[in-house]
Amino acid sequence: MRLRNDGPWGLCSSRQFLWRSSLGQVLYFMESFDPAELPELLKLYYRRLFPYAQYYRWLNYGGVIKNYFQHREFSFTLKDDIYIRYQSFNNQSDLEKEMQKMNPYKIDIGAVYSHRPNQHNTVKLGAFQAQEKELVFDIDMTDYDDVRRCCSSADICSKCWTLMTMAMHIIDRALKEDFGFKHRLWVYSGRRGVHCWVCDESVRKLSSAVRSGIVEYLSLVKNMKNDKCGPWLEWEIMLQYCFPRLDINVSKGINHLLKSPFSVHPKTGRISVPIDLLKVDQFDPFTVPTISSLCRELDVISINEKEREENEADAKPRTRDYKKTSLAPYVKVFEHFLENLDKSRKGELLKKSDLQKEF
Amino acid sequence: MEFSGRLRKKLRLACDQKNACYPHSLQFYLQPPSENISLIEFENLAIDRVKLLKAVENLGVSYVKGTEQYQNKLEAEIRKLKFSYRENLEDEYEPRRRDHISHFILRLAYCQSEDLRRWFIQQEMDLLRFRFNILPKDKIQNFLKDSHLHFEAISDEEKTLREQEIIASSPSLNGVKWESESVYKIPFADALDLFRGRRVYLEDGFAYVPLKDIVAIILNEFRANLSKALALTARSLPTVQSDERLQPLLNHLSHSYTGQDYSTQRNAGKISLDQIDSLSTKSFPPCMRQLHKALRDNHHLRHGGRMQYGLFLKGIGLTLEQALQFWKQEFIKGKMDPDKFDKGYSYNIRHSFGKEGKRTDYTPFSCMKIILTNPPSQGDYHGCPFRHSDPELLKQKLQAFKISPTGISQILDLVKGTHYQVACQKYFEMTHNVDDCGFSLNHPNQFFLESQRLLTGGKDIKKESSQPETPQPKPSVQKTRDAASALASLNSSLETELEGLEDYFSN
């Protein structure tokens, strides 16, 4: 599925593309996103598309630690930029209800605290502490503004996106081979960058100092020196241009809040989707579904389903809605990531029970 | 003969058992001691270790750590105080035992405040670093194993496999023979300082650390453990402090002056009043020099100044009669009525000589006491100029004393690092034109004695032939220790100090 990229990225740009529906019908869609429609779109998204089961499966981490999910902080940005912190939920159904009720424009994930964040005011002063969190990285295209000439600030194009692809390659290799991190989830931020969530059990417990140390290890800070000569000049220029640029503040704080996977970017409408590491070179941010395109797909599905129900005698089991949309492949990537987490967890439990000689 | 053979075996077994308790010349103090000891030994061990840690501190600011000079001097101090430091020496059980027990006693005293903890941890770390650095290579692995540190040296095969990468990543391996260097595999998070600066090879979550870098990591681990231990100790402190025998010692150990008290009238009558002006510029420490000048300028000193200076003068040899004359002469110049002086001030002077009231012969203030208690306010001239003067003002004073600019900046650096007594030592070195003052300053009268010794070549000072007839009862002003227990240690410390002085002065 090749797309034509003409014109710069921006708000409300319209694009045409082909989509093959489940009935083999070829339909044209005008992919346009209007932020004013968000309240309605989000309502639909949170009711029928957001993958709550997988999301809960992730943050619950197998239920091995008591109250791990219940002590997790979420923050919501509501309509009109109302920001509320210290949201926490009892279980998947509670999360679902609240999200559908509040219809957040933005969702951020914070740390796992010592107590339920939504009760933090009742806790004795100083006792409410952030305890664990995934190690996160945020690579933002604006940090490359000094070396890209095609775009600037919030704009991106396929040319400068290569910088992002390179950064993902370099950082992921280092995280995997140098640090031995196994569970790395890369997520498109929805506009101009990517996030990485490292979810290994030991990593979630790392101190702020070690997190800072990891960012320092991964960073090459260099002054722009154009007057350098010598055999390394070409290599240095390459490094200066292409080496990943990380924001240390995002990674070092255990209580730092970062945009949640599968949340919506309020300015572009793009969903923050997981990126398949095996196909990272082919990842194209311009093909990421927007909330409006997804909702339109849902409309089509409803129409088609009604038709089908009228035509068929036996009622097939209802499949989850997102599976019928272009969100499906991204949820699959997420599920693959979750399966690996589960496998690791089982392996750890087996090891522990072997040590304790339990049966 | 069978009998003697068995006896010999028994003795050897007992010796082996002892050595098994302390297999190394250094340790991480993971297990507290469990034997019973006498109160006297408890105190003595504590005092000795305080002396050792103070020496560690002093040497650490006077010499670059790790240099031969530093190591030799530190080794001498440790040996003098009979603590352990080196393997392969005979009869190491007792010094190691002393080291073990004294460390844990000091934990009780030094866990009580953030500052005390920081100081204690710093000196213990420096001491450990020194001991580790002189460990022979073949003993290191055993020591690490026995200390339950998860640092394993990797096999030669593993080393060869990663030779290129490890050498390329570890700047500490520059110029070191690869074959002889051990490499340790540790979890990356334990090598934070190394990997954040990309100075170590990382693979699959492990850091491959050469021996040189392991020391820094071990010290960090030691610091973290000791810090936690001190926090825990502080929590159980109330129980310990409720023991009346221990409470006074623990409360004052960190503030105690553990040297000579300069109260004996050894030099009584050897100073004449007309010498004082010249002595003040030649042999007085800056605190007393400034007090003397203030007295001469203003013909008056407030109470704090009178106490600090008056007792110092007693310590250098002024008799009661001389003191009365000295103060009266000066105060009268300030238009004070002689009768008023007799009524108000002379009583106090006699009191400080132990001739009034409960007849305690007050001892001159140590540096510790001057630095820590009774800070001066506006219009006061007592205290320690290095501690209590604003740096700009101190600079001016030093310039007035004709100290060279380099000397002044060295002194100011030491003051910034809160090393007030070492700064005063530096002042001594500058004013007496020596590279090394040769002593560890902790008392103004010590400054005076050392200065006099230097200037007169030790000839004029009489050899001390006898010990004091009765030890002076502890003055309540000093507040250093409880009377009963202090008596014993005062005796012993005085004895050892006097012994040293005897050798000192006999030339």
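In case you wondered, yes, glycine gets a Cβ from its N, Cα and C as well.
Secondary structure from DSSP puts B:CYS424 ([4Fe-4S] cluster binding site) in a helix. Sequence annotations record features per position, and here TrEMBL assigns [4Fe-4S] cluster binding site to B:CYS287, B:CYS367, B:CYS384, B:CYS424.
The annotation domain 'DNA primase large subunit C-terminal' is assigned in TrEMBL to B:278-448.
Positions annotated as region 'Disordered' by TrEMBL: B:460-486.
In the predicted structure, the domain 'DNA primase large subunit C-terminal' (B:278-448) carries a mean pLDDT of 90. Cβ atoms within 8 Å of the centroid of the Cβ atoms of B:CYS287, B:CYS367, B:CYS384, B:CYS424 (the [4Fe-4S] cluster site) belong to the same-chain residues B:PRO285, B:PRO286, B:ILE370, B:ILE371, B:PRO385, B:PHE386, B:ARG387, B:TYR420, B:GLN421, B:LEU441, B:PRO444, site residues excluded. For the binding-site residues given as B:CYS367, B:CYS384, B:CYS424, the lowest number of other CB atoms within 10 Å of the residue's CB is seen at B:CYS367.
On its own chain, B:CYS287 ([4Fe-4S] cluster binding site) has B:GLN308, B:ILE370, B:HIS382, B:GLY383, B:CYS384, B:PRO385, B:PRO444 as residues at least 6 apart in sequence with a Cβ closer than 8 Å to its own Cβ.
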